Amino acid sequence: MSRRAWILFVAMSLIWGVPYLLISQAVAEVSPAVVVFARTAIGAVVLLPFALRGMRTVWQHRWPVLVFALLEMVGAWFLLSDAERFITSSLAGLLIAFAPVLALVVARLIGLEKRIGTLRIVGLVVAIGGVAALGGGGMEASGPWPVIEMMLVAVCYAVAPQVAATRLRGVPTLPLTAACLSVTALISAPFAALSWPAETPSGLAIGSLVLLGLVCTATAFLLFFRLIADAGPARATAIAYVNPVVALALGVSLHGDPLTPLIVVGAVLVLAGVFMATRSSLHETEPGPRASAHAESAQSPT
């Protein structure tokens, strides 16, 4: 990769590792619906001026776009924000690492992947073992529901790219993103209004919401599209393996999340398992072009 591509890669790894911490700060004072509305409304306002030229194509695919938005943003971001009321930002970041694994399973079920080989099955088992180690190391949730929510987030992130790969081919990415942000803001607005805080949130919470929308959503998408153009989709999606590490480091250093040797082992196992599960072995059949297109579009911001 070029020097600029490396700079973009590092920047994106940091930017998409930060949302977990910001969401954790925000949901301490505002509802998940307010978090989703704030970040998508800000993101839409910033991106729409750059995306108006391609909106006709988006409108021609309006129903698949709606389904994609419901999965990728409405459902995933609400569940993520709600779960972070009960789990640490570090654990949230590590659990999201399962999304590429689930995306592989979904791709196999609908025929975008020919088969799942031994290496990938081993990777899945290793990743599950890593999650068990995280729990044993003290990184726990207050009940099973937050963990279920995070798994549902991973499912949303796994299914949404399949919609893009099969129903949104040829739709420009920037207009698609701006449209999805706008749809999500409109859907979440009434729920945000009903749960609006009675008292003005602190500067920390407001700042977290602004950073979520301006940096981790709008700016992140613009930089990610530039990174894809400079380094190619395959290299760009490698960010998925760095984000959880950033989330863990920030959660421990800035939010006081626990860090024990067993948690470190669990984090390594999760990332190693995800890497194995999403990489073909030398003896596996190479995926077809539609599967490749799916894999290249699978990375999404939290």
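Yeah, the Cβs are placed from backbone N, Cα and C, and that goes for glycine too.
The annotation domain 'EamA' is assigned in TrEMBL to 6-133, 147-278. For 283-302, the entry in TrEMBL reads region 'Disordered'. The annotation transmembrane segment is assigned in TrEMBL to 34-51, 63-80, 86-107, 119-139, 145-164, 176-198, 204-225, 237-256, 262-282.
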* Structure fact -> When counting C-beta pairs under 8 angstroms to the transmembrane segment (237-256), the leading stretch of 34-51, 63-80, 86-107, 145-164, 176-198 is 86-107
* Taken over the domain 'EamA' (147-278), the model's mean pLDDT -> 86
* **Contact check, the transmembrane segment (145-164) vs the transmembrane segment (34-51), 3+ Cβ pairs under 8 Å, seq sep 6+** => no
* For the transmembrane segment (63-80) and the transmembrane segment (204-225), check the count of CB pairs under 8 Å (sequence separation 6 or more) and say whether it reaches 3 or more. => no
* Asked: Same-chain Cβ contacts of the transmembrane segment (204-225) under 8 Å, 6 or more residues past its ends?
  -> 8, 11-12, 15-16, 18-19, 22-23, 25-26, 28-30, 34-35, 38-43, 46-47, 50, 173-174, 177, 181, 236, 239, 299, 301-302
